[in-house]
Amino acid sequence: QGTRDHPPASVALRDRLLAAAVACFKRHGAAAIDTPVLELRETLTGKYGEDTKLIYELQDQGGELLALRYDLTVPFARYLAMNKITHMKRYHVAKVYRRDNPATTRGRYREFYQCDFDIAGQFDPMIPDAECLKIVHEILSDLQLGDFLVKVNDRRILNGVFAACGVPESQFIAACSTVDKLDKMPWEDVKKEMVGEKGLSPEAADRIGEYVQLHGGLDLIERLLQDPKLSQNKLAKEGLGDMKLLFEYLTLFGITGKISFDLSLARGLDYYTGVIFEAVLLQQENDHVEEPASVGSVAGGGRYDGLVGMFDPKGRKVPCVGVSIGIERIFSILEQRVKASGQKVRTTETQVLVATPQKHLLAARLKLISELWDAGIKAEMLYKKDPKLLKQLQYCEDTGIPLAAIIGEQELTDGVIKLRDVATREEVRM
C-alpha cells in the first residue's frame, strides 16, 4: 500500500536525522508551527500542476470537501494569509500524503515525513534565498552522506529561455514540467515529449536544448548576461541579475564548491516564481551499497512569491522562499548503510539498568529505580522478582545500556551501590 511500519531501530535512526535538521533550523532562528492534516480541497487543488492528480481527496459526505495535505508549503501560505502574517521564519516537521506509485527501495512512499524551513516577508533580494541554500549545505554536511551537489536555477530564467526560443507563454508551464525530466531521461526523449505531447515546434525544442544542457557557476551567469537573445528578455535579465547576486552571497558563505547553476532544473510545481534548487547525492562512500545511488533528490525548494496572495481575500502578497529536506529518502540511504555495515542501532536512551545479584531484593531495586527516575536519569530493570545477574548483564549488552547499578545484600548493609561499566567490566562502589 506504499506506506511502511517503522520498527524501533528505524524510528531511532529517523529521530536522529530529524533532530539534526531541527537543530539546524533552530540555529537559524526559526519558530515551529503546525497545521492540520486535513485541508479544504479547494485550498490544495490547482497549486501543484500535473501533480494535482496525486492529492488524496476525501469522499463528499454532505459537509465540507476535504483532502489530505500534499506538502507543507501550501498549508503554510494559507496559514499566513488567514492570520494576516507578513513576516515569519518557521520550520515544520510532519507527515504528508501522496497517491503516488510507491518505490520503497528509493524512499518513495504515499505517507512520509517532510521537514520544511521557510522565510516569509519582504526583504532585499537573495539574502533569504542564500540562507536557505546554506541550510541545505549545513544539514547534508552534518549528516555525512557523502558527496552532494545543490543545483540552482530561476523560473524567470527558464521562462526567458522559453520566450527567447519562440514558445508561447501559455505553454511555459507545460514546457517546464518536461524540462524537469532531464535528470531522469536523455535530451532526445525530452525533446520527443515536447514536440509530440506538448505541441512545441522541433525548432523551438532544439533552441531550448542548447540552453537547458548548460551548467556552471558565476562564469556561466556572466556569459548568459551577454547572450544576445536572453539579454533582450526582461524576465531572464532579472533572473540572471539575481542569480549573480545569489552566487556572490554563497561565495561569502563559502559553499559555492557544492553549488551548480543548472539550466535543466525546473521543479515541477506551479507555485515557484523565482530561484529554485534541488540537492542530489553524487556517490556513496561505501561502494558495496548499490541502492542509494538511485535515490534522487534529497532536498529541494525555491521562491514562491504569489502563493500567499491566492488565499488572501484582497490578494495581498507575501514573498516567501523555503526548502524541504527529504528526510524519508535520506533515511532510506542511512538504513541501507547500517544494514550493510552490520552495526547495531540503539533503540532506547537508557543510561543504567538497576540489577540485583541475589534473590528477594525486588524491593531494593524498586526503591533505587524510583530515585533514579525522580532525578531525571533514564533507567530500566527486568520485570522479574529474582532474575539471574548474568541475564541482567546480557540484557545490557543486547540493548547497548552502558551501566548497571548493582545492589546486593552487602551493598544494602554498607549503604552503597556497585556501578559497573558493562563494556569494560570495571566496577566502582559509591
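Each residue, glycine too, has its Cβ placed from N, Cα and C.
TrEMBL lists Asp71, Leu72, Thr73, Arg98, Gln114, Asp118, Arg267, Tyr271, Tyr272 with the feature L-histidine binding site. Over all protein chains present, the Cβ of Asp71 (L-histidine binding site) has 19 other Cβ atoms lying within 10 Å.
Per TrEMBL, the feature domain 'Aminoacyl-transfer RNA synthetases class-II family profile' maps to 1-357.
Here the binding-site residues are Thr73, Gln114, and the one ringed by the most other CB atoms within 10 angstroms is Thr73. Long-range Cβ neighbours of Arg267 (L-histidine binding site) (same chain, at least 6 residues apart, Cβ-Cβ under 8 Å): Asp180, Ile276, Glu278, Gly300, Gly302. Non-local neighbourhood of Tyr272 (L-histidine binding site): Arg155, Gly302, Arg303, Tyr304, each in the same chain, at least six residues away, with C-beta under 8 Å from its C-beta. For the L-histidine site, whose annotated binding residues are Asp71, Leu72, Thr73, Arg98, Gln114, Asp118, Arg267, Tyr271, Tyr272, the maximal Cα to Cα separation is 21 Å.
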